[in-house]
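Per TrEMBL, Mg(2+) binding site is recorded for ASP87, HIS198, THR200. Annotation source TrEMBL lists Zn(2+) 2 binding site at ASP87, ASP358, HIS362, ASP399, HIS400, HIS500. Annotated active site, phosphoserine intermediate per TrEMBL: SER137, in sequence order. The Zn(2+) 1 binding site feature in TrEMBL is assigned to GLU353.
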Amino acid sequence: MNKYSKLALGLSIALLAAGCSDDSGSDNVAVLPQPEQPQEQQPLALPQSQLESSWFKVGQQAVARAQAQTINNTPGAAKNIILFIGDGMGISTVTAARILAGQQQGLDGEEYQLSFEKMPFAGLVKTYNTNQQTPDSAGTATAIMTGVKTKAGVINVDETVPRGDCAASKQRPLTTVLELAEGQGKSTGIISTARVTHATPAATYAKVPDRDWEYKVTDGDCTDIAAQLVALNAGDGIDVIMGGGRRNFLPSSETDAEGAAGKREDGRNLVDEWLDRYNDGVTNAVYIEDQTGFNALDVAGTDKLLGLFNPSHMHYEADRGNDTAGEPSLSEMTAKGLELLSKNDKGYFLMVEGGRIDHGHHAGSAYNALTDAVELAEAVQVAMDKTSAEDTLIIVTADHSHVMTIAGYPTRGNPILGKVITNDGSGQPEETPALAADGLPYTTLGYTTGRGHADYGETADADERYGHEIDTGRKDLTNVDTTAPGYHQEALIPTSAETHGGEDVGVWARGPGAHWVTGTNEQSYLFHVMARAGGLLD
Ligand SMILES: [Zn+2]
């Protein structure tokens, strides 16, 4: 209440009192003293301690930065577009990854900012598919890449196409942002820690009615996803391809460098076909499949790059050292990819997917999900460092969320993977973990669905969980180190794998057109931001 409303209240109380005490109240009202005319209003002085608070100053500086932010409203000003997708990187994953990254640097963690959280613009994205409240990655990636929301399970065909219907899919193809960029003579790239034929990377180039058609189709005369990648007819084809999924390019009769058999039943070796297609005497195409080949790559002399580093998905970042042949990290691939793509004066479109954040969650391992999310943030930092906000739009988002929650009232700086330890009100952490109503300690992070609790010690491959029985419900964690790489959080509802979550995801942006990333939008909106910022539909 300010001083004028106090005055007004005082006046009405005076009027009321006057009315009660005297019948000829109007006379009394007439003689009441008039309120002083308001003086020139003085700003309320803040206490010195408030002005000197670090929280106060940080907020002040942030507003000043926001005010100084320049906006480039010119369509086409984004010569380069880099789209980062953290597969399954919902809001709770971003928060927990931020805390983990901060704690890895010796901070409390909550105050830390991941690379993309320093970007000037952000918004929310509605992720549902046309036929599902909680989406899958094929439908969501299609929305981002084409501007058209569609069903779960289909890639770059619209919602009228029944899943798995080859003939119908051929009638309703959708063109992608990558194809548009190719059509303008830009260079293009896709980088993922998942198989390059997996739903999200596939949605940059393939059109199929079933995301599972990675190396063979089960209906009609459609072409599988790997074969579409090699045959892509847009511009001069994708320039940089790095990720996993080697088995989908090799015939079942062949064994690869890491001892795994190919999956293809048509006898084709798509790696050889790709090399034949792009080593045409004009361009120099290079295939690599391990860390040694990656390190030895001659960027200046390479026009097209195909890097397939694992038979299936690449390793989780925390488990990468255990790869047989050695493989680069997501941030290393991003750096190399940008060096190759930036050779084109017309610019480029690059999609980078942290594909295994999703897989860590599905296996019920917050450890793997979060360490892969932190690595995605590292890859974004590489892109922010290697490009200019003057001509490069960077968008960071997730395709969908997961059912991981951040629960209880852990004290500030409590290990994010640890058991909940509260504080005594003065901020002093209690000596022992808080106990739930069942008398047992509990972790801050937990899952609603999934295979449930397991403790594999130092094992940093979350997929170990699938080799053991589902075990949901409460466990006695008193003597369990829940921060160990091999710890899998408790889950409430037993499902064969932990499930996606249906709430909105975040989107962050920097560069020309980044200010259009604001508010709450349908996921398909992101295509239009990229298309307009990049002048791709002109
Ligand atoms: Zn998933």
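Placement of Cβ uses the backbone N, Cα and C atoms for every residue, glycine included.
The model shown is predicted, which means the values in this text are computed figures rather than measured ones.
Structure coloured by features recorded in TrEMBL.
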residue : record                                  : Cβ neighbours (10 Å)
ASP87   : Mg(2+) binding site                     : 31
SER137  : active site, phosphoserine intermediate : 27
HIS198  : Mg(2+) binding site                     : 28
THR200  : Mg(2+) binding site                     : 27
GLU353  : Zn(2+) 1 binding site                   : 31
ASP358  : Zn(2+) 2 binding site                   : 29
HIS362  : Zn(2+) 2 binding site                   : 27
ASP399  : Zn(2+) 2 binding site                   : 30
HIS400  : Zn(2+) 2 binding site                   : 27
HIS500  : Zn(2+) 2 binding site                   : 24
Item to check | Close-lying binding-site residues around ligand 1 among HIS198, THR200, GLU353, ASP358, ASP399, HIS400, where CB distance stays under 6 Å | outcome: ASP358
Item to check | Between HIS400 (Zn(2+) 2 binding site) and ASP87 (Mg(2+) binding site), the C-alpha gap once rounded to whole angstrom | outcome: 7
Item to check | Entries of ASP87, HIS198, THR200, GLU353, HIS362, ASP399 which, being binding-site residues, have CA atoms within 10 angstroms of the residue listed as 'active site, phosphoserine intermediate' | outcome: ASP87, HIS198, THR200, ASP399
Checklist entry - Where does ASP87 (Mg(2+) binding site) sit in DSSP terms: helix, strand, or coil? => result coil
Next on the checklist: In whole Å, how far does the CA atom of HIS198 (Mg(2+) binding site) lie from that of HIS362 (Zn(2+) 2 binding site)?
Outcome noted: 15
Item to check | Coarse DSSP state, helix versus strand versus coil, of SER137 (active site, phosphoserine intermediate) | outcome: helix
Checklist entry - Once ASP87, ASP358, HIS362, ASP399, HIS400, HIS500 are set aside, which residues in the chain still have Cβ within 8 Å of the Cβ centroid of the Zn(2+) 2 site? => result GLY88, ASP136, SER137, ILE357, HIS361, ALA398, SER401, HIS402
Checklist outcome for this item: Cα-Cα, HIS362 (Zn(2+) 2 binding site) versus the residue listed as 'Zn(2+) 1 binding site', nearest Å, comes out at 17
Item to check | Cα separation, ASP358 (Zn(2+) 2 binding site) to ASP87 (Mg(2+) binding site) (Å, whole number) | outcome: 5
Checklist entry - Quick one: what's DSSP say for THR200 (Mg(2+) binding site), helix, strand or coil? => result helix
Item to check | Rounded inter-Cα distance in Å - ASP358 (Zn(2+) 2 binding site), THR200 (Mg(2+) binding site) | outcome: 11
Next on the checklist: I'm trying to understand the geometry here, so how far is the Cα atom of THR200 (Mg(2+) binding site) from the Cα atom of the residue listed as 'Zn(2+) 1 binding site', in Å to the nearest whole number?
Outcome noted: 7
Checklist entry - Which three-state DSSP class does HIS400 (Zn(2+) 2 binding site) fall into? => result coil
Checklist entry - What's the CA to CA span in angstrom from HIS500 (Zn(2+) 2 binding site) over to GLU353 (Zn(2+) 1 binding site)? => result 17
